[in-house]
Ligand SMILES: CC(=O)[C@@H](O)[C@H](O)COP(=O)(O)O
Ligand SMILES: NCC(=O)COP(=O)(O)O
């Protein structure tokens, strides 16, 4: 089974657009959890365009006492981000190599050039007790290098998977993700996935063995607007329950 972690960045984006507190991020996290979701993901970016650092603290307070529910905080490992993780102590921290002005996440770490940069950061984060995941392109060589680090997991960056899902390249691209996931598991790295996943492409993605968690936000919020939260979450949970082991 694969766990679904709902990314609530876009709930916060809508909230920030009016300078009031509607939609309330905490209330929507509770609604997702009440529908059976066992993970909430946020990405507090440096400019706080959507999720703020206070959201992270408030969600940490909400989720910390809830058995079996995990908070996953994603972000670039700036000093400010690392201090936030040390304060909130989420179940999982996912490091992404995003620049402050990036529109969205669009690449994984390069362990050829960034392994030394990440080494003290991973050591520091592990001391907080958080599980550490690193955002990675589906590249077997990168997986092999990441396996030599203190990372517990990788998160496969699935934008290409989604982009090519309905093209003639799908089988080739799917194989890349499959090979990266199998190599990671062989080397003792656990595997998550995320970015641009949706109800259409998720089933095939989680047919790859060993995908422990998918974090989904952008498309999920759009689908909730179209179909309603209960129907959408029901479909996602059914897909995740039928994932390859
Ligand atoms: C790491 C990843 O692929 C997504 O969580 C991404 O961080 C979403 O960020 P935005 O919601 O700001 O596009
Ligand atoms: N790590 C991926 C994530 O949290 C959500 O990405 P998206 O579904 O908003 O593209």
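Note that Cβ sites are derived from N, Cα and C of the backbone, with glycine treated the same way.
Taking a C-beta cut-off of under 8 angstroms and a sequence separation of 6 or more, residue 196 (3-amino-2-oxopropyl phosphate binding site) has the following same-chain neighbours: 158, 159, 161, 162, 163, 218, 219. Look at TrEMBL and you will find 7, 18, 196, 217, 218 tagged as 3-amino-2-oxopropyl phosphate binding site.
Listed in sequence order, 7, 9, 50, 51, 73, 74, 75, 96, 105 are the same-chain residues at least 6 apart in sequence whose CB falls under 8 Å from the CB of residue 43 (active site, proton acceptor). In the three-state DSSP scheme, residue 43 (active site, proton acceptor) falls into the coil class. According to TrEMBL, the active site, proton acceptor annotation covers 43 (among others).
If you look up TrEMBL, you'll see 45, 50, 104 marked as 1-deoxy-D-xylulose 5-phosphate binding site. Residue 50 (1-deoxy-D-xylulose 5-phosphate binding site) falls within neither a helix nor a strand when secondary structure is assigned with DSSP, and so counts as coil. With a 10 A radius on its CB, residue 50 (1-deoxy-D-xylulose 5-phosphate binding site) counts 23 other CB atoms from all the protein chains.
According to DSSP, residue 74 (active site, proton acceptor) is assigned to a strand segment. Per TrEMBL, the feature active site, proton acceptor maps to 74 (among others).
Mapped onto three states, the DSSP output places residue 155 (site 'Transition state stabilizer') in strand. Contacts of residue 155 (site 'Transition state stabilizer') defined by a Cβ separation under 8 A and a same-chain sequence distance of 6+ are given as 94, 133, 134, 135, 136, 191, 192, 193, 194, 215, in order along the sequence. Positions annotated as site 'Transition state stabilizer' by TrEMBL: 155.
What TrEMBL lists as active site, proton donor is 195. For residue 195 (active site, proton donor), the same-chain residues lying six or more positions away in sequence with a CB closer than 8 A to its CB are 104, 105, 157, 158, 159, 162.
Local packing around the binding-site residues 45, 218 was summarised as the count of other Cβ atoms within 10 Å of each Cβ; on this measure the leading residue is 45. Around residue 74 (active site, proton acceptor), a 10 Å sphere centred on its CB holds 27 further CB atoms from the protein chains shown. Contact annotation for binding-site residues (18, 45, 50) versus ligand 2: none, no CB falling under 6 Å from a ligand atom.
Cβ neighbours within 10 Å of residue 217 (3-amino-2-oxopropyl phosphate binding site), excluding its own Cβ and spanning all shown chains: 24.
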